[in-house]
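Noted in TrEMBL for the protein shown:
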{"type": "DOMAIN", "residues": "B:2-207", "note": "domain 'Tr-type G'"}
{"type": "BINDING", "residues": "B:Gly445, B:Leu446, B:Ser447, B:Gly448, B:Ser449, B:Gly450, B:Lys451, B:Ser452", "note": "ATP binding site"}
{"type": "ACT_SITE", "residues": "B:Ser519", "note": "active site, phosphoserine intermediate"}
Amino acid sequence: MSKLTHLDQLEAEAIYIIREVAAECENPVMLYSIGKDSSVMLHLAIKAFYPEKPPFPFMHVNTTWKFKEMIEFRDQVAKKHGITMIEQINEEGIKQGINPFDYGASYTDIMKTQALKQGLDKYGFTAAFGGARRDEEKSRAKERIFSFRNKNHAWDPKNQRPEMWKLYNTSINKGESIRVFPLSNWTEKDIWQYIKRENIEIVPLYFAKERPVVEREGNIIMVDDDRMKLASGEKVEMKKIRFRTLGCYPLTGGVESEADTLDEIIEETLSAISSERTSRVIDHEAKGSMERRKREGYF
Amino acid sequence: MKSLLKFITCGSVDDGKTTLIGHMLFEAKLIFADQAKSLELDSKAGSREGRIDYSFLLDGLIAEREQGITIDVAYRYFTTEKRSFIVADTPGHEEYTRNMAVGASFADLAVLLVDASKGVITQTKRHARICALMGIKHIVLAVNKMDLVDYDQERYEHIKQDFEELVSNLDLESVRVIPVSATEGDNIIKKSQNTLWYKEKALLPYLESIEVKQKVKRDKFLMPVQRVSRPNHTFRGFQGQVEAGTIHVGDEIFVLPSHEKAKVKSILVSGKEENSAVYGQPVTIQLDHEVDVSRGDVLTISKELKVADMLTATVLWMDDKELVEGQNYLIKVGTKTLPCMVVTIKNQININNGLKTPVDKGIKNEMIECEIALSESIVFDRFENNEAMGGLILIDRVSNMTSACGIIEQSVNRSNNVIWQETDVTREIRATQKGQIPLTLWFTGLSGSGKSTLANEVEKRLVARGFHTMLLDGDNLRHGLNKDLGFKETDRTENVRRMAEVSKLINEAGLISMVSLISPFKKDRDDAREILGDSYIEIYVNTPLKECEKRDPKGLYKKARSGEISKFTGISSVYEPPEKPHIQIDTSKYTLEEATDLVMKQVLEYLS
């Protein structure tokens with residue numbers, strides 16, 4: 001048994017996974033969503049290879065509806081670390097005017113899943129790292145660390161490859177790919193404690209601040225730009241809020257909070273009575289909706 | 001910092017594994033409010049009698065919820081005041097045994113459930129054995145559904161005895177048997193009033209307190225190399241995780257399998273310069289001078305590691321396709337992946353009693369002892385000494401499926417002439433690379449008929465056209481490969497056989513082969529045709545004997561006529577002409593160029 005702390009063990013496991021992919025997979029890419037989990041994953045990639053730069057590019061799937069602060073943060077981070085950051089946008093979706101207000105579930109499919117698949121196909125990536133964790137959602141809890149995808153990027157949850165010890169099987173045929181989740185065994189709490197320990201920079205949206213918001217169907221939605229149309233009866237108010245997860249601003253609910261330091265955030269996380277996914281509007285749609293999206297190629 | 005316990009729940013289907021974990025999380029207030037609410041809603045809609053169905057907390061796949069069973073492992077993370085836990089809830093169906101094994105490979109402890117009304121059954125035994133195989137040293141047998149047997153102590157004692165007998169020949173460090181009811185909550189979080197005869201701890205308190213630290217069997221530094229990092233000319237680092245012991249800057253290490261020595265110049269521990277590193281840490285190590293190190297090699301100071309190209313292993317066969325002898329796979333041990341062949345299937349290990357029975361194939365979910373030959377030597381240790389160097393997986397080379405997982409028992413000396421046959425690059429691949437059909441052009445005819453001259457010309461023409469060729473001359477090979485052969489009939493037969501076999505190898509290399517050999521007997525040529533198959537193209541150089549004897553380039557006919565040479569074809573030994581040669585040419589009728597043109601025209605047809 002190791003004398004390492006729990007966080008040390010999680011860090012070692014993630015670095016091991018990231019290095020295995022770099023060594024065995026032909027053309028890997030690291031998906032970067034700008035959120036806290038991605039920030040931790042990027043940090044681990046830098047550590048895994050230092051003084052060498054990570055030997056793979058990073059890719060951000062941009063729906064064009066992300067918070068402004070996220071995009072600024074992304075560009076700063078890429079510059080600071082000197083890494084290649086590919087921005088992938090579904091241009092066809094933009095031309096068709098697909099937006100989160102009018103298109104519901106198909107918006108996520110077209111601007112996220114399809115855009116992701118386009119990006120992976122365009123560059124012929126054979127392995128893609130994602131920052132997903134098993135404690136986020138029930139179908140994620142069932143997924144392997146090295147998760148195999150067929151030619152159509154589809155996941156077959158009933159027929160996953162066995163995954164033993166640290167002996168990851170990276171063999172694939174042409175056109176197939178693997179999604180790799182180095183943070184599988186981290187919990188939300190682990191992420192925050194690691195961010196604090198390692199002093200990892202994160203998007204300021206995670207910290208509580210006065211922000212312009214409206215209340216919509218029980219969620220607190222931030223008015224990030226003037227594309228947000230207000231329904232009758234809705235009015236913009238200033239509220240001290242923060243975000244537990246980040247995504248497209250019209251689909252991401254904030255929480256009222258006073259936590260503007262990491263310690264306060266950790267405190268809040270430990271005593272939270274709701275799981276973080278409650279702030280993601282899309283997850284409420286139907287039971288098994290995450291699994292369905294994953295089968296279709298979503299991360 | 002709280003310690004972490006990784007455990008699994010296992011046991012037969014419907015023994016209540018998922019419910020047990022669900023209940024534990026629920027009672028210990030370890031689930032979020034939204035999950036609890038969703039659980040209550042789901043239960044009302046789906047469960048038996050509208051009671052809370054705790055299994056809904058974990059069965060996350062649509063198919064699982066529809067069928068009410070667990071198909072794959074679910075991982076849950078929770079923390080109590082005393083300890084952090086990761087629990088892998090594994091499926092009970094025999095069909096999904098491999099998914100149970102996935103969970104077992106990850107855990108330090110197993111909570112194995114039995115139904116108190118049914119007792120220890122085959123699936124209980126299978127799971128206990130797989131747990132032990134995968135390296136689990138601590139088992140808790142949870143005798144579940146005690147409520148259904150009226151909390152009968154006798155029933156409990158009976159099952160306890162059965163179980164202790166089962167595990168007596170497994171290599172375990174602790175075994176505990178706890179009577180529980182997952183649906184009612186008896187002895188899950190706290191001691192139940194229904195089982196006052198049970199004096200030990202309830203399940204969760206037991207899990208919070210058990211010490212699972214494994215005895216360190218290997219304490220000398222070892223690190224399998226994951227990756228060689230060379231960002232610039234001045235830095236060359238070896239990345240990997242320390243799998244045993246401690247290493248300091250300045251220590252002398254050696255590289256396996258090469259045994260080259262070097263000193264540690266610097267150590268980066270997760271990206272930061274340090275003076276030393278310990279077991280479990282991810283490191284990048286620089287050595288003081290250039291040594292040949294690549295992925296799959298091991299840096300170490302241990303003399304206990306073994307290097308071999310053949311080993312025995314006990315594997316859990318997980319593929320629908322059967323395991324048969326002679327099959328090729330990729331094997332992964334540590335950070336080394338390489339081709340291998342299962343050469344001998346020795347025994348099947350009986351799930352019920354652990355006894356070995358000789359078998360010649362492996363079927364899904366069986367534990368099989370076998371011998372594996374590797375394409376090159378690898379570094380390993382026995383699994384019981386070091387998990388990282390003793391575990392293996394076999395990968396199917398066509399489907400890429402992880403067909404088996406297992407543990408290395410020991411190395412084997414290659415005594416029984418097992419030679420590794422590389423089959424990755426096939427004859428077809430080699431030929432395709434050269435853009436040609438690898439044929440054997442078999443020139444047969446009397447001595448002096450012009451076989452060798454013609455073969456030589458044909459080869460020149462083929463090479464000029466960009467073909468890749470090789471010429472085997474019967475006379476020339478008698479100076480080397482066939483110098484032990486004379487001209488007796490049996491020797492001539494052997495001579496032809498060897499030429500055919502060599503030519504076959506040349507064809508397998510993707511080359512066009514030309515054989516120039518009298519090969520007078522029909523039977524021998526038929527054997528050659530047999531060896532070479534469709535590649536065999538017979539070219540009968542049917543120059544008349546009179547003409548051959550006139551040419552007599554080597555003065556052999558003269559010697560034969562004078563009796564100096566016996567058994568000379570055409571004079572004192574018979575030449576049996578081919579009945580249906582692919583190509584025929586009488587060189588006495590043409591100039592060499594004309595004859596070559598004629599033969600080439602037909603050869604090119606066979607080559608297209």
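Numbers here mean position along the shown chain, with the first residue as 1.
Just so it is clear, glycine is given a Cβ too, placed from its N, Cα and C backbone atoms.
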Taking 8 Å from the centroid of the Cβ atoms of B:Gly445, B:Leu446, B:Ser447, B:Gly448, B:Ser449, B:Gly450, B:Lys451, B:Ser452 as the cut-off, which other residues in that chain fall inside it around the ATP site? B:Ile518, B:Val541, B:Thr543, B:Cys548
For B:Gly448 (ATP binding site), what residues in its own chain, 6 or more apart in sequence, show a Cβ-Cβ distance under 8 Å? B:Thr543, B:Glu547, B:Cys548, B:Glu549, B:Arg551, B:Asp552, B:Pro553, B:Lys554, B:Leu556, B:Tyr557
These are the binding-site residues: B:Gly445, B:Gly450. Which one scores highest on other Cβ atoms within 10 Å? B:Gly445
Densest Cβ environment (other Cβ within 10 Å) across the binding-site residues B:Leu446, B:Lys451, B:Ser452 belongs to B:Lys451
Is there any among the binding-site residues B:Gly448, B:Ser449, B:Lys451 whose Cβ is under 8 Å from chain A, and which ones, in sequence order? none
Quick one: what's DSSP say for B:Ser447 (ATP binding site), helix, strand or coil? coil
Which number gives the other C-beta atoms within 10 angstroms of the C-beta of B:Ser447 (ATP binding site), all protein chains shown included? 25
Over the span of the domain 'Tr-type G' (B:2-207), how high is the average pLDDT in this prediction? 82
Just to verify a number: CA distance, B:Ser449 (ATP binding site) to B:Ser519 (active site, phosphoserine intermediate), in angstrom, no decimals. 13
Integer Å value for the Cα distance linking B:Ser452 (ATP binding site) with B:Ser519 (active site, phosphoserine intermediate) is 13
So for B:Ser449 (ATP binding site), how many other CB atoms are inside 10 Å of its CB? 28
Cα of B:Lys451 (ATP binding site) to Cα of B:Ser519 (active site, phosphoserine intermediate), in Å and rounded, measures 11
Cβ neighbours within the same chain of B:Ser519 (active site, phosphoserine intermediate) - under 8 Å, at least six residues apart: B:Trp442, B:Thr444, B:Gly474, B:Val496, B:Met499, B:Arg525, B:Ala528
